[in-house]
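Enquirer: Below you'll find the structure I mean.
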């Protein structure tokens, strides 16, 4: 789950991580009120959407007067901001962060990620702050410094200090930088983060080390024990189809292709997308109906897939283990009739009660193409769309 920058800073502040003073505003008038409550002569007006690249896209403004705060707030609120992370449709700005300006001396990057190669949390840092870390990794990978963290003992002070020295934090501020990193790590672990990025981390003219921006992502599987984080959820920033899918315990992620996929099991779902690509097609979604799908869930899955106007055909790929193929077949038939499906539909069933499932499909009288294997199904749906 993603949250807004201002929410991320609220979380970090509780862990002793230094961030600028700032307040959220939903109207231009409220933006001025928030600016008046800050003890600063320079203000930063920042669009709050769940995407990076806001500065380059014009979503961050420096205001030197209250009138400019109002002017920028009116300009940004309601505007669709398009960044390299939003896609071409962009995101509508519905809230702003009004923040105190600060005297920036140097920008850095600090981040915590889960590294699958080492099965550890890794602290990454670079003196190339303010730019995309992927760009730094590609062009000057030697400028990224890393510390692999032992989960038994956590991030150690000496590791944080080594990283601070390695990215050329001024010697007199290494202690503050290390404290910053230790607080960030504690927040990462205790709040079940999957990513914590500070870009930029800045050294200020008055000798402070603070997070000028903050990106925190959280493990959705751990949200049941993070009630305070759940309160930060902003449904306006999420795909309506994904929200609808979550109501039925369906795992759905929208993609850019035209072949809708309905599969049981995340591994099989990813393999299905891969094989569609292999045969020249483009998947329109990842959709895992799980191991306990009912006819109702299958029907809702169809409705969600078909709500995407780009979908030109559907591939149902089911391996019945816990789930029975006849139940899936009944759901497919019911869903096809309910939604009045006119698009090509290819179904591959294998596993428990597969013969009964195929019989239900064959006797339905509906235009359903059966497939004998995953490869056969992928080739058939690609040829039909």
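The backbone N, Cα and C atoms fix where each Cβ goes, and this holds for glycine too.
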Enquirer: Do you know which of 46, 61 Swiss-Prot groups with 53, 54, 55, 99, 102, 107 in the ATP site?
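Expert: Looking at 46, 61, the one Swiss-Prot places in the ATP site next to 53, 54, 55, 99, 102, 107 is 46.
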Enquirer: Pick the one from 217, 221, 258, 264 that Swiss-Prot also lists for the substrate site with 321, 322, 323.
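Expert: When Swiss-Prot describes the substrate site, the candidate it includes is 264.
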Enquirer: Roughly how many angstrom lie between the C-alpha atoms of residue 55 (ATP binding site) and residue 213 (Mg(2+) binding site)?
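Expert: Just about 11 Å between their Cα atoms.
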Enquirer: What is the Cβ neighbour count of residue 264 (substrate binding site) at a 10 Å cut-off, with all protein chains included?
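Expert: Around the Cβ of residue 264 (substrate binding site), 24 other Cβ atoms lie within 10 Å.
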Enquirer: Compared by Cα position, which of the binding-site residues 53, 99, 264, 321 is the closest one to residue 199 (Mg(2+) binding site)?
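Expert: Looking at Cα distances from residue 199 (Mg(2+) binding site), the smallest one goes to 53.
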Enquirer: How many other Cβ atoms are found within 10 Å of the Cβ atom of residue 213 (Mg(2+) binding site), counting all protein chains shown?
Expert: 24
